[in-house]
Each structure stands twice: as C-alpha cells, then as structure tokens.
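Record features (TrEMBL):
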BINDING   Gln42, His143, Asn187, Tyr319, Trp431, Glu438, Trp439  substrate binding site
ACT_SITE  Glu188  active site, proton donor
ACT_SITE  Glu384  active site, nucleophile
Amino acid sequence: MDATTDIRPAEANAAATAAAATDAAAGLPADFLWGVATSSYQIEGAVAEDGRTPSIWDTFCRVPGAVVDGENGDTACDHYHRMPDDVALIAGLGVDSYRFSIAWPRVQPGGRGPANAAGLAFYDRLVDELLAKGVLPWITLYHWDLPQELEDAGGWPTRDTAHRFADYAELVMDALGDRVRHWTTLNEPWCSAMLGYDQGVHAPGRTHFPDAIKAVHHLLLGHGLAAQRLRAAAPEPIQLGITLNMGNAYPASDRQADRDAARRADGLGARLYLDPLIHGRYPADVISDLALRGAEIPVQDGDLAAISEPLDMLGVNYYSSHVFSGTPEDGEPETRPSGEPYSRIVPQNLPVTAMGWDIIPRGLTDLLTRLGRDYPGLPLYITENGAAFDDTADADGRVQDDDRTAYLADHIRAVAAARAAGADVRGYFAWSLMDNFEWAYGYDKRFGLVRVDYDTQRRTLKQSAEWYRDTVRRSREQRG
Ligand code: IFM
C-alpha cells in the first residue's frame, strides 16, 4: 500500500474560505451533539485556594527544564475566578455541551478522606451556571492532576491508586449526580502512563517502561472500579464512558515488517486499552511485545471483570496519525540487539500544526470506521479534536486563523464520512474552548477557539470560534 498517497487530504491544508467550510457539518444528524472542551489544570489557576493541595503537575512544573519557559498553571486562564463569564462565552457559541474536568486535589485534597466542601462548591456553581444557560455539563473525573500525596505513595504504578480513584469518583457523584448525566472517568490514560511514567515528559516525570505498564493496568482498574461506584451511587441512570487518545497506525508498505510495526504501534497505543475495556482481555500479541521489553501487566483475579464494566460511550481524542516502518532508514537490521523488533515513524511531508503533528483528517475517518467494526455497538463521541497554530493577533486581539478553521472543517467532514460508512459517532467537542496551559509546552502553543491575552486575561473570539458557532447554528437549524 502506498500510505503516503492514501492519507494525503484531497485538498491538503486548503485555506478555509467561508464557502469551503460551510458544508462541514452536512450529513451529520439533527441530534448530533456539539461541544467545546477544557481541563482543570490547563485553565483554572487558583492552585492554592479553598483548600486545594498540589497535584503532580504543580510539582512537575517546578522541575527545572520540565516545562517551556518554566511556566506553570498557578494562574493559567484564571477560570476559577472568571467562571460565570467563561460559561457565558460557551453559551454564546451555541454549543450543546461543555466538557470539563474536576481537579481531584481541589475536591479531595491529598487524594484520601472526606470531600472538601469549598472545592466542590466551585464545580457545583459551574454545573448550575451551565444548566441555567442550557449547556449540558460533561464531566471528566481525571485529566492528569493526581494529588501529589498519591504519587508519593507510588502513583499509578501502585494498585492502591485505583482504589483511591474509585473513592474520589463517588465523592463527586454524591455532590453533582443530581444534575450531571454525562460522566467520563479518565482522559487519555495512554498519556498518563506513557508520557508520565515511561517518557518522563509529563508529570510525574518518571522513565521506567515496566512501571508505565503497571500504570496502564491500574488506570484501567481505577476506571472500572470507579464506573461500578458511579453507577451504584448515581441517583438517575447516567451515560458513562472513558476517553482514549488514538490515531490510525498505517503500515508504510505491504511488507510484513511494516505491517508488524503498525500492528505493534496500534497494540500499544489503542488495543492495550480498548480490548480489556470492551472485550475483557488484554491482547495476546501486545502481552508478547511487552514481554520483549521486560514489562508485565499485573492482573489480579476480578480485575478484567471490573475493567470491562459496560460502557455507554467511548470518547475519542484525535489529533493525528502515523505511518510505521519495521526497518531503520538504512533498511537493516529489523531487530534490535535486545530482540525487540524495530519500529519507526515514517515522516510524511504533510502539512503540520504548530505541534509538528501531521494533519491527516482521513485518519479520523479510518479510526472511527475501524472502531465501529472491531468494537460494535458502542456509541462514539469525539471528545477532543483541534489544533495549535502560531496565531497572530491584531491590536484588538482578533485572530484570522484560517488554518485552524480549515483543520476543524476537514475533521468534522471526516466524522461525517465515518458516519456515512456506518460508524455510530454522536458528537464532537472542539479542543479547546480557549488558549490554555499546554502541559510541557507551557503557554507557547495555542489550541483555543478563543484567544486569551495572558497579561490581561481578556478573551477574544478567533475567526475559528465564529466559524464553529455558525456551523453549530446551521446544524441546529435542521432540528427545527
Ligand atoms: O491539551 C491537550 C489535552 O489536555 C489532552 N489532549 C491533547 C491536548 C493537546 O495536546
């Protein structure tokens, strides 16, 4: 297969003229859910207020060199103090839903014990504010801000953290379950485990692959235990899910070595999570691949039954895809001296975002149709999709971000194409509502539909926000 030709968009990086972008939502049904998303540490600030204690990100940001320019989330977008205005901004975009995360150390400082009423009160007000404006709250319980005390006790590689997460989930359900129907346990467990415990580029900054694999299992176990507790404690039936970040892994050619490289990448990136969650078992080929790297999944009796607690929906975060080769650039050898097979991302020379990520809308269509085929009967929601670009603002803070509009339009079309091919995709959340703290990149990368001037905290709708608002409006008009 010539993957390069296959994944190149028909109009690669076409500038988004109004005419080109208006039809993006065509083909999506009238009840399609439109939203915007954020996460707690990336926007809230107020890290030491109302009883919040440090998370692993507060600690990691203090490590010299960990975050660009030594930035941190101490103030971020100051959302904690500007929440009503931000909700008004969301309502002004006309979206159906707002996906946000709860800061664990704000509502259960230290990660154990009783709820902190002052911390919970913030989310209580946020939920009320959203409902008053007709916006559906969509909660993510864990978007990476693990209480530092739990990391000190071993973090996600330690089994107890899964139990602590289930306790915390129930505390939040007790406080907000009377008004919130949509619950996501974890955001992107691959990032928590691999970036945090293997690559060390995210908090807590550890670099031990076998521990990262233990973290994967305990994150999934935490999800399963929390799912059981959430369902048991919910006063009304809920819609429960988990969000995974995934791309499509393409082999560079039909050669067996390349197909194996793509299979291995997909195994570690996607099936290691999907198969236990949905089929109740870890994939045999991934277990063998892990063994070659000295890693084992610490499964105990009953774990897989808990992990495969039925899901009402699967959240998909999509940004890009990769093409894999099973050989180094010079062609030899296919196996490292350790016996581990070789796997290389093949550069595609495609248009990229400011993150350097290839723009491959076709990958989203392929991913969604594959999920629909391999994991049938599970409603899918795009819980994040969006792009950082090097925005330039005029004197009024206005940004003419045609590149971002084109990215969003192309990916929304890719969702419609997946639906046409049979995938049960029911909603789309743009990442992100506003520019925010982009983890190890600090404030250097801007993903927002809304520009944030970090000196004044002024918010200004970018052109992409206006385009998204109009797209949502047109799509809603079909509802009559
Ligand atoms: O900003 C992040 C988000 O927190 C998780 N998904 C990817 C986004 C862009 O990197």
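Using N, Cα and C of the backbone, Cβ positions are placed for all residues, glycine too.
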Task = Compute all pairwise C-alpha distances among Gln42, His143, Asn187, Tyr319, Trp431, Glu438, Trp439, the residues listed as binding substrate, and give the largest one in whole angstrom.
result = 18
Query = If one looks at the chain holding His143 (substrate binding site), which residues at least 6 apart in sequence have a CB under 8 angstroms from its CB?
reply = Ser39, Ser40, Tyr41, Gln42, Ser101, Asn187, Glu188
Query = When a 10 Å sphere is centred on the Cβ of Glu188 (active site, proton donor), how many other Cβ atoms does it contain?
reply = 25
Request  = Name, in the order they occur in the sequence, the residues of the same chain whose CB lies under 8 A from the CB of Trp431 (substrate binding site) and which sit 6 or more residues away.
outcome  = Val36, Ala37, Asn317, Glu384, Asn385, Gly386, Phe447
